[in-house]
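**Student:** OK, TrEMBL features for this one:
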- 21-42: transmembrane segment (TRANSMEM)
- 31-474: domain 'Major facilitator superfamily (MFS) profile' (DOMAIN)
- 79-100: transmembrane segment (TRANSMEM)
- 112-133: transmembrane segment (TRANSMEM)
- 139-160: transmembrane segment (TRANSMEM)
- 172-190: transmembrane segment (TRANSMEM)
- 202-223: transmembrane segment (TRANSMEM)
- 288-309: transmembrane segment (TRANSMEM)
- 324-346: transmembrane segment (TRANSMEM)
- 353-375: transmembrane segment (TRANSMEM)
- 381-408: transmembrane segment (TRANSMEM)
- 420-441: transmembrane segment (TRANSMEM)
- 447-470: transmembrane segment (TRANSMEM)
- 501-529: region 'Disordered' (REGION)
Amino acid sequence: MENKQQSNGVMKENNAVKKKVNWSGSLIVASLTGAFGSSFLYGYNLSVVNAPAGYIKKFYNETWERRYGSSVDEGTLTLLWSITVSIFAIGGLVGAIIVTPIVKFFGRKCTLLLNNVFAVAAALLMSLSLLAGSFEMLILGRIIMGVDGGISLSALPMYLSEISPKEIRGSLGQVTAIFICIGVFTGQVLGLPEIFGQESRWPFLFGAIIVPSLIQVVVLPFLPESPRYLLLEKHNRSKAEKAFQRFLGKDDVSHEIEEVLAESRVQRNTRLVSVAQLLRTRAVRWQIVTVVVTMGCYQLCGLNAIWYYTNNIFSESGINRETIPYVTLSTGAVETLAAVFSGLVIERLGRRPLLIGGFGSMIVFFAVLTASLTLQNTVHWLPYLSIFCILAIIASFCIGPGGIPFVLTGELFQQSQRPAAFMIAGTVNWLCNFAVGLLFPFIQAGLQTYCFLVFAGICFAGATYLFFVLPETKNKTFHEINQAFAKRNKVTLEMQEMNHYPGERKSSEEQESNFTSSVDNGETKKGIV
């Protein structure tokens, strides 16, 4: 009886320990610094070209006239500007494709650091283009900045998901989305006429990219690499323990080490899989489909269309054109506040309610916006309803669909599959981004205000899929999440474990022996094939 009471006491104590999660200084600094030099720059480069668009087009025209003795025709100028804007997505696709071998060889933290080479090179090219009289430098800089974005949007969520305890993995993962929103808002603020939104100052908008990069280069080297990467891929137990101790703010990390080792035993070995191997693995088939759907809906749900319509709707509501840039700041502010709210509640409400609820709210407000835009000339107050719908759609997006897809990609796959999974997610993300930029003008020209019904349909399809397929991943280990998908993938748990690596498998006893020898004494050895 006494032993039973003692046992119950120990269990309660363990549960209390599990519920108490400390946000250590290293964890906070790593997440903020990593995001400031990565996802912040992605968001910043989405909005930074909007304010100086007229000045940049004038620069293109003057450069063309100086070279060829005549003004550029309107069609060519539009083409050059479209290339300048959309080429960012092509660079992003390149970055998403090359990120897998980079994070495998250099690690998560070092990849973020090396990625700043692209950011600084792009900033120098774009900021000096006016002085050099070369619009090609600006376009090349946009491509290189896209590569930076493609790498950072895969490497950063990967790093954050691997350094955070599972109890706050969602909140920490939302840092990516929060800093994207802050980057967009910062681009809007710096683009105001009082700051850099003038003809002589627009190059400074691009030169400012160097600041976050330099801060990351100075701070991030003093923080540890991902402990999961150190243990499972570099087989260095001593460094992994030190990294866990720094990030978790405690000395005893034996439970965390054992949890990671248990995952490695489930996987049979820690060899990274390629994209082709991952696509052939039946045990993660629905995880891959889920990532493709969430990332596709992330780009295709119509937020880009909202940005396209914003100035026009504000103008129709009677707002003075000179005042519109300041009113537009409200969209960036709402976006940032909604993302912060999502980060605060994601561990209480879970991923499913925020994703499905976000898409569901967007459907409603898209329908109302379509009606208000169609009838706005008949009722004087409808333009104000349109403004409210715009802000509501932005908030709905940022609360759920705006950041959770990055969190899910880190949660649905085990360590050895994660780089390939992020490559797939990144490819879908950037291809859809490019498709929206390419096709939306035609959709808008053909359907006018009814184009929002297309986006409402995409949101409905995404919400329906997630309702029936996506399990809740809050506070679950990677192995538990895979177990939740086992039935849908039509594999037994044993078959699921074996299916992680089709082809090259050893006996579990031999692998266990090899893994143990490779992590003993914190040394890197070639014990795992």
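Cβ from N, Cα, C; glycine included.
Bear in mind that the values here come from a model prediction, so they are computed numbers and not experimental data.
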**Student:** Considering only Cβ pairs within less than 8 angstroms, which of the stretches 21-42, 79-100, 112-133, 172-190, 381-408 has the most against the transmembrane segment (139-160)?
**Tutor:** 79-100
**Student:** Are the transmembrane segment (21-42) and the transmembrane segment (202-223) near each other by the rule of at least 3 C-beta pairs under 8 angstroms (pairs 6 or more apart)?
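**Tutor:** Yes, the stretches contact each other.
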**Student:** Test the contact criterion for the transmembrane segment (112-133) and the transmembrane segment (447-470): 3 or more CB pairs under 8 Å, pairs 6 or more apart in sequence, then answer yes or no.
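**Tutor:** No, the stretches stay apart by this measure.
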**Student:** Kindly say whether the transmembrane segment (381-408) and the transmembrane segment (288-309) touch, using the definition of 3 or more Cβ pairs under 8 Å where each pair is 6 or more positions apart.
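**Tutor:** With 3 or more qualifying Cβ pairs, these stretches touch.
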